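As written in TrEMBL, here are the features:
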- 125-182: domain 'P-type ATPase N-terminal' (DOMAIN)
- 179-198: transmembrane segment (TRANSMEM)
- 331-351: transmembrane segment (TRANSMEM)
- 357-376: transmembrane segment (TRANSMEM)
- D416, T418, D822, D826: Mg(2+) binding site (BINDING)
- D416, K417, T418, E539, F581, K605, R634, T714, G715, D716, R796, K802, N825, D826: ATP binding site (BINDING)
- D416: active site, 4-aspartylphosphate intermediate (ACT_SITE)
- 454-478: compositional bias 'Polar residues' (COMPBIAS)
- 454-485: region 'Disordered' (REGION)
- 849-1076: domain 'P-type ATPase C-terminal' (DOMAIN)
- 883-905: transmembrane segment (TRANSMEM)
- 911-931: transmembrane segment (TRANSMEM)
- 961-981: transmembrane segment (TRANSMEM)
- 987-1008: transmembrane segment (TRANSMEM)
- 1015-1035: transmembrane segment (TRANSMEM)
- 1041-1067: transmembrane segment (TRANSMEM)
Amino acid sequence: MADQIPLYPVRSAAAAASRKRAAYYSAAGLGPGADWPSRYQLEDESAHLDEMPLMMSEEGFENDESDYHTLPRARITQRKRGLGWFVCGGWKFLCTSCCDWLINICQRKRELKARTVWLGYPEKCEEKHPRNSIKNQKYNVFTFIPGVLYEQFKFFLNLYFLVVSCSQFVPALKIGYLYTYWAPLGFVLAVTIMREAIDEFRRFQRDKEVNSQLYSKLTVRGKVQVKSSDIQVGDLIIVEKNQRIPSDMVFLRTSEKAGSCFIRTDQLDGETDWKLKVAVSCTQRLPALGDLFSISAYVYAQKPQLDIHSFEGTFTRVGLLDLELNHLTKALFVALVALSVVMVTLQGFVGPWYRNLFRFLLLFSYIIPISLRVNLDMGKAAYGWMIMKDESIPGTVVRTSTIPEELGRLVYLLTDKTGTLTQNEMVFKRLHLGTVSYGADTMDEIQSHLRNPYSQMQSQASGNTTGSTPPRKAQSSAPKVRKSVSSRVHEAVKAIALCHNVTPVYEPRAGVTGEAEYAEADQDFSDGNRTYQAASPDEVALVQWTESVGLTLVSRDLASVQLRTPGGQILTYCILQMFPFTSESKRMGVIVRDESTAEITFYMKGADVAMSSIVQYNDWLEEECGNMAREGLRTLVVAKRALTEEQYQDFESRYSQAKLSIHDRALKVAAVVESLEREMELLCLTGVEDQLQADVRPTLEMLRNAGIKIWMLTGDKLETATCIAKSSHLVSRTQDIHIFRPVTNRGEAHLELNAFRRKHDCALVISGDSLEVCLKYYEHELVELACQCPAVVCCRCSPTQKAHIVKLLQQHAGRRTCAIGDGGNDVSMIQAADCGIGIEGKEGRQASLAADFSITQFRHIGRLLMVHGRSSYKRSAALGQFVMHRGLIISTMQAVFSSVFYFASVPLYQGFLMVGYATLYTMFPVFSLVLDQDVKPEMAMLYPELYKDLTKGRSLSFKTFLVWVLISIYQGGILMYGALLLFESEFVHVVAISFTALILTELLMVALTVRTWHWLMAVAEVLSLGCYVASLAFLNEYFDVAFITTVTFVWKVSAITVVSCLPLYVLKYLKRKLSPPSYCKLTS
């Protein structure tokens, strides 16, 4: 990578830190005029597929799938653009186009250009770059109040009450005291502003913590400490071991003499394994760090590109429940207008009817309850507090307090693999030699087999030193005999210990300081101080296993490898050639020379699909690979080939010549290497397990039983993703897996989708490249087919692709999605989903900080959804509908009152009665519904099928809303007509009887709605009733105190209350007996 960075020295060379989130890395690609591979020419050949539909039925499957010319063709009709086109929808198209054009003009972004970055001199940068700071805040000091007010008044409910409150400043429209309307509105806004301020302050603290991390900056005067946010383009930054890289950087030099360094890219692609990077050679050769300022150089960086270094974000979140309640509010507004028009019509449009119409709109304005928003917001805050206080899921943090009920309506869960489902810790589990297999409980046998050959070798070596007989080479002319188990084990373990790219690393001794140019004398080479670094965790697991059985890797550089035997002898091997692993070849190899015997051996290991045709014939490899794969193990086939000196010299000359070729260099090099890959001796088959997170299997099974479809989106390779899908039981043992073949053009995608259509009830595994091609041409068809699968695995996905898949599901399926991940590469997916969950793990806290909910283990998602998500949704649905009922019932009473008294636009209750009704007298019992639960948490976890009912949204629908409307009309009518029927002399008695009965009815209705009583619910009921009774003594303006203390008042209020509530209690009892809900069957 370093050699591909254009470095332009004025006198020599240098490098620098670059702007945050800018793509400074240039990848090797085909230059101008280069010939593209012939497979890309199929794009033109498949152009006629525009007229060819993808088969979405069973017709035509008898045709040969390799001949897509035989598929039925669709008729193409040209649209004529005329008056008919304009009337039938063309006007909408033109308006949309004009709006898009205006938006593009207003939001035109600055053109991205290539940049020149001077090393160590930020002041020389020609263009101004933004600060290297992370900002997750939604507002600043100036936009906070306007932004919060806009977010509130964009909802119809709050905007409506703002208009109603402002109308009270008009004398002709005033129907009560100003505080009757402005006090509730002000309270709602105050609670909202306070909640947003707290959330904003928490975001500010999190950003400050990240931006305040200190780094060493190299200046002419030496090292200085700077904050991460103060790093500028062109600064020279010293990154210490185990320290996060604060921005995009060019790798200049390292303390390692060869200029190599292992880095981890978990924040970019989610892979926690170490990757080898090499510094720019000209700066690595400088004697000291200070010499970087003695040269003058700059980096010419290409313009920023859309790659894995970028991610998308969302500004804010609004839950589906809020949108549904907003729709119901609009329906209530229509009912409000209709009722007001009916009243004015029955008046006969007498006098200034328009003024009467507006007064009726104000009188019935309680149909739309302003307390709905504040009750729901306070309820969501309570749900968040309950989640964070749950001892069963410790460490869970609610970062977005506006959407906890979204956890109860999820249909699709999109999860990362590495660090989310797995721990990314590989453990060696199985060694198979063809005739014998070793597992975790028989590894001690391998140790005993290893001791014999190396003890004999050591005795021969000591004998040769005392005698005069030179060491003998292997007797190649001896007849071939069947090898013993010990010799086969020895060869297999030695091959595993040599064929890799693992480097042992030793920590410096304590107290060593300086410029990090440590001498060998300062190193501690003990076993306890050694760690292994490699590009793949699989290889580290293999080397750690060879160490556990007695053959230890103690040293490695670019030219040699040293192993220590069980007896303590050091074996040295020269590395002659190294063939790294690639996703195309699916194998890696090494040619080494044993310094003690001068034997040259070619070792190779790789996937079974690549190695099966390379090794000698055998009858067990394919079967055992299948057995290990079913156990969820990642398999590697290990083989070797002995080379003579003449064979190697011939290979080296051809290999060097191929590497110097100008044309088709890669093909020629591969052909030379393949000349060695023939009839290799099969040594063993290894099985490595990627350890799953705790309780991943039962958690995934619980989510499937709850009706949640799980998609795994990972940047890992196909074989690994498929293996984890099996081992985690994401794909059950009885389900088939359809691996989508690689496609590069429309024709191939067309055929492969038709082949996939034939499969039924099978999981889909598809790579990111094939997914991109299919989405380009057959987006709707692919998503439709994938949504029918029980599970989907997308491998080699970039962060942008992950976010795109989430959006496709939202658009085509129309269901709620949840994304869970633990790395920076998962942020785009998490923020694109309706609900984002981040896991704090080895890959840092970036995903956790960007998510709506943060958990510490994947298994916690089960309780988070089944218990808290389900309860939050059902509680919010009940709370929202009950608050609407509270407004509807008093509006019904106002309508009856006005109709009885000649449709007069006079308020029934004024002043404090209206304020107290919505706050002091009924607020606490109604809000206590956030403590209600239909089943215990243990029951919800045991029967996840209960969760499936919520995804249909039946807890809050127009059906349940209409039921509450009918209840409100019935009770409001009974209360008002009963009071008018039973009052005797004065009108003030009507107010006293009806209002007291109204308060008692509301308290009884709360008790009717509750399914499981909590002691705080009883306290709220008693407290509210006590407050009302106590306040009667101070309400002389509204009540006749002498009347409300009589027995007549008590029996009339009791009779009206019983008539309004008793029938509903009877109906609820009969419904539970005749058609009990599912949770009632479980609780009984």
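In case you wondered, yes, glycine gets a Cβ from its N, Cα and C as well.
Note that the structure is a prediction, hence the values are computed from the model and not measured.
For the transmembrane segment (961-981), same-chain residues at least 6 beyond its ends with a Cβ under 8 Å from one of its own Cβ atoms are 328, 331, 881-882, 884-885, 888-893, 895-897, 900, 990, 993-994, 997-998, 1001, 1005, 1052, 1055-1056, 1059-1061, 1064.
Counted as Cβ pairs under 8 Å, contacts with the transmembrane segment (911-931) are highest for 1015-1035 among 331-351, 357-376, 1015-1035. Between the transmembrane segment (883-905) and the stretches 331-351, 357-376, 1015-1035, 1041-1067, the greatest number of Cβ pairs separated by less than 8 Å involves 357-376. For the domain 'P-type ATPase N-terminal' (125-182), residue counts in helix, strand and coil come to 30 helix, 0 strand, 28 coil, using DSSP. The binding-site residues shown are D416, T418, D826; of these, the one with its CA atom nearest the CA of F581 (ATP binding site) is T418. The local packing around R796 (ATP binding site), expressed as other Cβ atoms within 10 Å of its Cβ over all shown chains, amounts to 19. Distance noted between the C-alpha atoms of D822 (Mg(2+) binding site) and G715 (ATP binding site) is 13 Å. Counting other CB atoms no more than 10 Å from each candidate's CB, the binding-site residues D416, D822 peak at D822. A 10 Å cutoff on Cβ-Cβ distances gives F581 (ATP binding site) a total of 19 other Cβ atoms nearby, all chains included.
Every protein chain considered, the tally of other Cβ atoms within 10 Å of the Cβ of D826 (Mg(2+) binding site) stands at 36. Across the binding-site residues listed here (T418, R634), the residue whose Cβ sits among the most other Cβ atoms within 10 Å is T418. On the 0 to 100 pLDDT scale, the domain 'P-type ATPase N-terminal' (125-182) averages 79 in the predicted structure. Shown are the binding-site residues G715, N825; the one with the most C-beta atoms within 10 angstroms of its own C-beta is N825.
Rounded to the nearest whole angstrom, the C-alpha distance between R796 (ATP binding site) and T418 (Mg(2+) binding site) is 12.
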